Amino acid sequence: MPIAKISPSLLSGDFGILAAECKRMVSHGADWLHMDVMDGHFVPNITIGAPVISCLTKHLDAFLDCHMMVSHPEKWVDDFAKAGASLYCFHIEATKDASALIDQIHAAGMKAGVAVKPKTPISTVMDLGDKMDMCLVMTVEPGFGGQRFMAECMPKVAELRARYPNLDIEVDGGIARENIDAAAQAGANVIVAGTSIFKADDISGTIESFRTTVNIQQELLANKK
């Protein structure tokens, strides 16, 4: 049974003190740290790259969940591996050979994730479940923070969970206290949240609430098998 992993999105943090923001999230109980990598091509925004990840790993002992919103994700695997990324999650829409890219990521010593945009059918990644370490189902259009959670993406999560009961399934976009139940009930166990964590009055309590909700639903799903 997959356990909850709460991965605060550093896109909602203060980039001027990014290492401190990472440490702050870990101190509040974050399991992973979600690093949004945008190239200005695959998405219309630019954030950080491997040099920033390399700097962060000098100051952190944390699992860096790198969401690669980039064109030609094959080009950056070695750079991110050398920088210390823990998981390299590319978009299925950005590559022609996802299976080979997963092999490349594993060979570089990282876990491999595959992401799908809201309008991309889950069938595009369904046959990769035994190779990928994680599947990210986007619940907003990638590129910017602060968007509304798209509940219509939850059937994709449920379909994926039904076929792969032990796979890490991540959701990213607009996750908050008012919709964490929907995400958890569908089967997501890796929760990315930016605004709802960083702007919470009780960050530790919010992270623990998300974790508890997910673990309860995972146990219920496991008992249905």
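Positions of Cβ are set from backbone N, Cα and C atoms, glycine also.
These numbers come from a predicted model, not from an experiment.
As given in TrEMBL:
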BINDING   S9, H67, G143, F144, G145, G146, G174, G194, T195  substrate binding site
BINDING   H34, D36, H67, D172  divalent metal cation binding site
ACT_SITE  D36  active site, proton acceptor
ACT_SITE  D172  active site, proton donor
Practice item. Work through the binding-site residues one by one (G143, G174) and point out the residue whose CB has the fewest other CB atoms within 10 angstroms. Key: G143
Review point. How many other Cβ atoms sit within 10 Å of the Cβ of D36 (divalent metal cation binding site)?
Key: 24
Check your understanding: Could you state the CA-to-CA distance between S9 (substrate binding site) and D36 (divalent metal cation binding site) to the nearest Å?
Key -> 7
Review point. If you count the other Cβ atoms within 10 Å of each Cβ, which of the binding-site residues S9, T195 comes out on top?
Key: S9
**Study point:** Cα-nearest neighbour of H67 (divalent metal cation binding site) within the listed binding-site residues, G143, G174, T195
**Key:** G143
Review point. In Å, rounded, how far does the Cα of G174 (substrate binding site) sit from the Cα of H34 (divalent metal cation binding site)?
Key: 14
Revision key, fill the gap. Taking all protein chains shown into account, the Cβ-based neighbour count within 10 Å for D172 (divalent metal cation binding site) is 26
Check your understanding: Can you tell me how far the Cα of H34 (divalent metal cation binding site) sits from the Cα of G143 (substrate binding site), in Å?
Key -> 14
Point to revise | Cβ-centroid neighbours of divalent metal cation site H34, D36, H67, D172, 8 Å, sequence order | key: S7, S9, L11, M35, D65, C89, L136, V192
Point to revise | All-chain count of other Cβ atoms within 10 Å of H34 (divalent metal cation binding site) | key: 28
Point to revise | T195 (substrate binding site) and D172 (divalent metal cation binding site), distance between Cα atoms, whole Å | key: 12
